[in-house]
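Features of the protein shown, as given by TrEMBL:
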DOMAIN    253-345  domain 'Transglutaminase-like'
ACT_SITE  Cys261  active site
ACT_SITE  His319  active site
ACT_SITE  Asp342  active site
BINDING   Asn382, Asp384, Glu430, Glu435  Ca(2+) binding site
Amino acid sequence: MQQYNCEFNNTDHRTELNGVERLIVRRGQSFTINLHLRSGVYQPGGSALDLTVETGPQPSDQYGTQASFGLTDQIDTSRWSAAITSPPGNMVSLSICSPPDAPIGRWRLTLGQGGRVDFVLLYNPWCSGDVVYMDSEEKLREYILAQDGIIYRGGWKYPIPTPWNYGQFEDGILNACLRILDMNPKCLRNPGKDASGRRNPIYVSRVLSAMVNCNDDKGVLQGRWTDDYDGGVSPLSWKGSVEILRNWDTNACQPVRFGQCWVFAAVACSVSRALGIPCRLVTNYNSAHDTNSNLVIERYVDENGQLVQKSRDMIWNYHCWVENWMTRPDLKPGFDGWQVMDPTPQEKSEGVYCCGPIPLKAIKEGELTDKYDAPFVFAEVNADVHTFMKRKDGSTKKIISSVHVGLKISTKSVGSDRREDITHLYKYPEGSDEEREAFTKANHQNKLLQQQDNAGLLIVIKVSTEMRKGCDFDVFAVITNNTPNEKKCRLVFGSRAVSYNGILGENCGFKDLLNVQLAPGEEKRVALRMNYSKYAENLTEDNLIRLAALLLDYGTQEAYLAVRNVVLVNPEIKVRILGEPKENRKLAAEITLQNPLPVPLQNCCFTVEGSNLTGGQVITERLNSTVEPGQDAKVKIYFTPTHSGLRKLVVDFDSNKLCHVKGYRNVIIGK
């Protein structure tokens, strides 16, 4: 008879939030089971015990998915080993340890002739012998144990923090994560080799990059980048990964509809943390999508300055991916640490829609031959942007325009909800010798040859500090004549709704001035009024408007273009906790949102979830009444926290006119 000591072992291995009904341990660290001997008393040296461990459908010594071993005097953490840790008697405490490079997954332990123990083995970032080892307890609390976080959306001028419930320890999530590994095409083709490959987080990260999207396999999420979400839900409706992973797992691995980049990245983060790989989600603002690997994004505008789609090359307002932490013994020294892994299906890598892992240092240094997919990620943060005007007669002319990619690369700070700027981990300071050397290595000739345009005319777009959805406001094209001559120009100043990945929508406001005169040294501000009545019906769920100001110099025939995306800010969701938050005690939260629009809100609905707060479920509260302009939409929800500590209650508000407004409240749960 065996006792698995699940509560003690799981707590010791920091897996107790998965539950204590089964044994879940980390590699390179011993765990203990108790054996009750049916006959006799155990005596050191007088009793023998043979043990066998196996994983996968085709276990073998060759692949490292099977091992046989006996008792030793003490544990050897470098290989499978076992030792008796109790005094002689009829109850024996058996300590067992796996090597720090054992494949992760479901294992079977056979004791002698009969006893069998099933357990799950995970990566161990607390073990110095594991390739995912991270020497910081504070960082491990964030990158492994934290079940919620912040994703940055919006624009580089105005990053908007969006809460997310990763929920990697919620009921059933670990099973779903292991099933993702089992359903990957490499496992289906050669399950024995795949099981062995799971010792390596490089291999597993690449599998996850492919399996979080469903483009080549029975992956988790289907992408959709249009406003047509028939057969699924808008990506903005998701508040966390739990519902997505459960839906996939319980519906015969049918893809969940729909995701976009931050949803793909967030699910990948949940799975990585669940398996024991330190992981964080990253946002790259003005992210280039270079489809032909020439490190150049070519954009075409018409004579009104509006984008004309001639190429698959794009600049996304932002793009999200994840970084996984590991050593890279397959590369030359110096490339350990954070590795980019991108599960959004953009381009194929080795015939499959996946990307990474690639060391951040390889991107920064321009080492584009390193595995995997360095050129694509390098272009996302470094590509050059060339803009051309396509005239009505079919001719094209290069426009003077200043557009930069790879701005304000952001992630959540360790231990707080503040934004951490990590651009310096991807790029050297602009114009530095180190940057020039990296571009030389990457053969980025366009950047090396590019000279600063010292244009005589300068045009920029300026906006007010905060533009709230529902308000009318002005934006400005500011033109400066830095030449000694008087200038006569045409100014075309337009605005269009735009999705976060750069797809343009309908017109939100337009102005065409045929006779703009500027004396030497003069500056002029031209206002464009943005009226709610005009932009309201054209906005996408991303709340983004693209402003473009095209200045044509009649004298020189030069064209100057300024482009800026503005983010319209949603109203704040206020969450008030009623009562003292305690473990396993019912708690109430009052949730309020004031209608900022000049029109009534109908079909109002609040949805709420939070790891260890709402029992792994989404709580929904609907309002039966209409919410007039300036009035509050208010509900009260009840939930019972199951574990103590700092937790995040994530809230989503939806209605006919105000869609998917996000909010959250940090709650400290006492014991």
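Yeah, the Cβs are placed from backbone N, Cα and C, and that goes for glycine too.
Note that the structure is a prediction, hence the values are computed from the model and not measured.
Comparing Asn382 (Ca(2+) binding site) with Cys261 (active site), their Cα atoms are 19 Å apart once rounded. When pLDDT is averaged over the domain 'Transglutaminase-like' (253-345), the result is 92.
The distance from the Cα of Asp384 (Ca(2+) binding site) to the Cα of Asp342 (active site) comes to 21 Å. Comparing the Cα of Asp342 (active site) with the Cα of every entry in Cys261, Glu430, Glu435, these being the recorded positions, the smallest distance points to Cys261.
A Cα-Cα distance of 21 Å separates Glu430 (Ca(2+) binding site) from His319 (active site).
When DSSP labels each residue, the domain 'Transglutaminase-like' (253-345) comes out as 15 helix, 41 strand, 37 coil, counted as helix, strand and coil in that order. Within 10 Å of its Cβ, the residue among the binding-site residues Asp384, Glu435 with the fewest other Cβ atoms is Glu435. For the active-site residues Cys261, His319, Asp342, the largest tally of other C-beta atoms within 10 A is found at Asp342.
Glu435 (Ca(2+) binding site) and His319 (active site) are 23 Å apart (CA-CA, integer value). Distance between Cα atoms for Glu435 (Ca(2+) binding site) and Cys261 (active site): 28 Å, as a whole number.
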